């Protein structure tokens, strides 16, 4: 229950900021108190979910189970789709949509990378960078409450860059220079200690295939969009691809928990790819421009509902297997 509450706070934060700044162009229309409320929501959600309060409470009550672990990590996977738009609400109008897109997918891939590592080593190494990122975000929101979003346009001394310009470098640096090398080293060490853990080439690649497909399809859509959808409806566009990526990551986590092969394809990927092909390559530009936003809205709704139904079905099935009831002590 604490896991779901923490995730719900993150979604509420996303929806609240979306209401006041749909397209990342009007941060000054957001009431000051919203920045403080957003910081509070991030802190409570992080404390309940990411910081392990939910797991500690489950162990204290003797209710820890694979179901709880699955729910926790699946909620975290979806949180990765909400977190970047929340952060970049502070920098509305100061960040190129391509940079926002890249940061979103780096965070999504970073979470998937951790579970790829766990599928081989059997241990989930939680990077300190995520906790530090959450605390930094809270500091930025509180600072914005006491000042104004315009403060982030000021250049920092020495490096002569403002925070919106610096943030993508930090995200890329942590991912490419810290997360990837750390995961590779942990896998190599684990395989050297136990040769039975040495994965086949297929086992190494399978968890990433679905996410790479969705990333490439999303990049093609953003690049060839007839209405430049990433500029006009960035939050909805990121939510659509991010939710599909979360669904794929949940399937990888489920395969990890059940000791089965991670799936490389699901029907939602086919629907997503078909929509991208029709809008970007199949229809005349004028027709595609008229249909793009309705298609994005319908596709986001479909993927979200399908993801929730998939999650609910998995929870019900695991409850039957372990003879337990969800959300009951």
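Positions of Cβ are set from backbone N, Cα and C atoms, glycine also.
The annotation transmembrane segment is assigned in TrEMBL to 33-53 (among others).
Under the heading transmembrane segment, TrEMBL lists 99-116 (among others).
Per TrEMBL, transmembrane segment is recorded for 128-149 (among others).
The annotation transmembrane segment is assigned in TrEMBL to 169-191 (among others).
Annotation comment: TrEMBL describes 203-224 (among others) as transmembrane segment.
Annotation source TrEMBL lists transmembrane segment at 236-254 (among others). Distant neighbours of the transmembrane segment (236-254): 14, 70, 73-74, 77-78, 80-82, 84-85, 100-101, 104-105, 108, 111-112, 115-116, 119, 207, 210-211, 214-215, 217-218, 221-222, 229-230, 262-263, 266, 268-269, 272, 296-297, 299-300, 303-304, 306-307, 310-311, 314; these residues of the same chain sit at least 6 beyond its ends, with a Cβ under 8 Å from one of its Cβ atoms.
If you look up TrEMBL, you'll see 266-284 (among others) marked as transmembrane segment. Beyond the ends of the transmembrane segment (266-284), by six or more residues, the same chain brings 210, 213-214, 217-218, 220-221, 224-226, 240-241, 244, 247-248, 251, 291-292, 295, 299, 302-303, 306-307 to within a C-beta distance below 8 angstroms of the stretch.
Look at TrEMBL and you will find 296-315 (among others) tagged as transmembrane segment.
Counting Cβ pairs under 8 Å that are 6 or more residues apart, the transmembrane segment (203-224) and the transmembrane segment (99-116) reach 3 or more and are in contact.
Residues of the same chain lying 6 or more positions beyond the ends of the transmembrane segment (296-315) and with a Cβ under 8 Å from any Cβ of it are 67, 70-71, 74, 78, 229, 233, 236-237, 239-240, 243-244, 246-247, 250, 254, 268, 271-272, 275, 326.
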